[in-house]
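For reference, TrEMBL has these:
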ACT_SITE  343  active site, proton donor
BINDING   239, 273, 274, 275, 276, 371  pyridoxal 5'-phosphate binding site
BINDING   276, 312, 316, 344, 371  substrate binding site
DOMAIN    35-279  domain 'Orn/DAP/Arg decarboxylase 2 N-terminal'
MOD_RES   60  N6-(pyridoxal phosphate)lysine
Ligand code: LLP
């Protein structure tokens, strides 16, 4: 459920009419709903009620400080993958001891900073990373809390670019090598083993792949216990899908119930790292129709947002709903490709959409709160869009639109 609804024929974000936001902040513009973010976080937190647990929001989905701050105030933890994300979380008021640090290529400097601030856990993805983390922690005279990310070799049944739990993906430690990796971690003097984690992919729309992975990890946890390696927390990663079109992903409560059943009385703390399921439907990208172009073979609606603002359609062939902000009946509906001004044929936001629109109209691309702004770029020297967060009847600018001079910030020309 989200808080973007038509009221009196106009799309609103909570109680604010989107055209009013556009009148102040222009287009293209990402608009987020605080109430939706809050609701989605709480649904996960409540679903895991009764278990010792921590919801670690995956910062990569949407790392705007206002988004992180809303979640931090609710008590959320965070899953980060870079020192940049770490600093964002701290800047937004997130608690360091609720941060887990994922990613296959952590640098020494990133490890050092994360140790200094006292994060909850490093999700270690290889033996080489174990050795590096041990050395960085030893040099500081501290012990690093670690979890090993295990690649359980299950097929998440999702787009190949966002499936991460198969043998031939770069992620995690092969489950067949997990025992040896844990033994090595135990023997390294500056590491403390806390957990075991996995993340098998993103936009999963069924439970079996999650449960299959969980089964394999529980077998491993029991086997490790026999060797006196006690796992205290199990981090199941993110990946629960959302409804973009007709998907019917499982509800967090169903996922949590299934987890609880399988866990039995092992007494594990459970961590999850949802990104898309918290932020995805909490945001829209609003864009204005510049031109309608009728080619013999196709009709194009050329809008002022492009693949640099939202790359998911181009990159994954992703379908996101595109709706008029003020639906009208005075023009006939036609079938359009919704395209941006970028010089690539792949620059499209939606294809073959039936819309009754005219130049100047506003369109909202739904489900753009996750992997929207965070994946945006300046391609074609386009300043990145403004970001606005609505809280009840107030809209706050939470990131100013980039200016033209922002485009060359840090650049210099050679001397004359
Ligand atoms: N944890 C780890 C270790 C991850 O790699 C990811 C996402 C998450 C959690 C959060 O997954 P989520 O709950 O959001 O599915 N750009 C792609 C998605 C890439 C996901 C990468 N990892 C897209 O737009 O579909």
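Using the three backbone atoms N, Cα and C, a Cβ is placed for every residue, glycine included.
With a cut-off of 6 Å between Cβ and the nearest atom of ligand 1, the recorded positions 239, 273, 343, 344, 371 reduce to 239, 273, 371. For residue 273 (pyridoxal 5'-phosphate binding site), the nearest neighbour among the listed recorded positions (60, 312, 316, 343, 344), judged by C-alpha distance, is 60.
Each of 58, 60, 61, 202, 238, 240, 277, 278, 279, 280, 370 belongs to the same chain as 239, 273, 274, 275, 276, 371, is absent from that list, and has a C-beta within 8 angstroms of the C-beta centroid marking the pyridoxal 5'-phosphate site. Per Cα geometry, 60 is the residue among the recorded positions 60, 239, 275 nearest to residue 344 (substrate binding site). In this structure, residue 316 (substrate binding site) is part of a helix by DSSP. Mean pLDDT for the domain 'Orn/DAP/Arg decarboxylase 2 N-terminal' (35-279) in this predicted model: 95.
DSSP assigns residue 344 (substrate binding site) to coil in the three-state reduction, outside any helix or strand. Within the same chain, residues at least 6 positions away in sequence whose Cβ sits under 8 Å from that of residue 274 (pyridoxal 5'-phosphate binding site) are 40, 44, 55, 57, 58, 238, 239, 240, 252.
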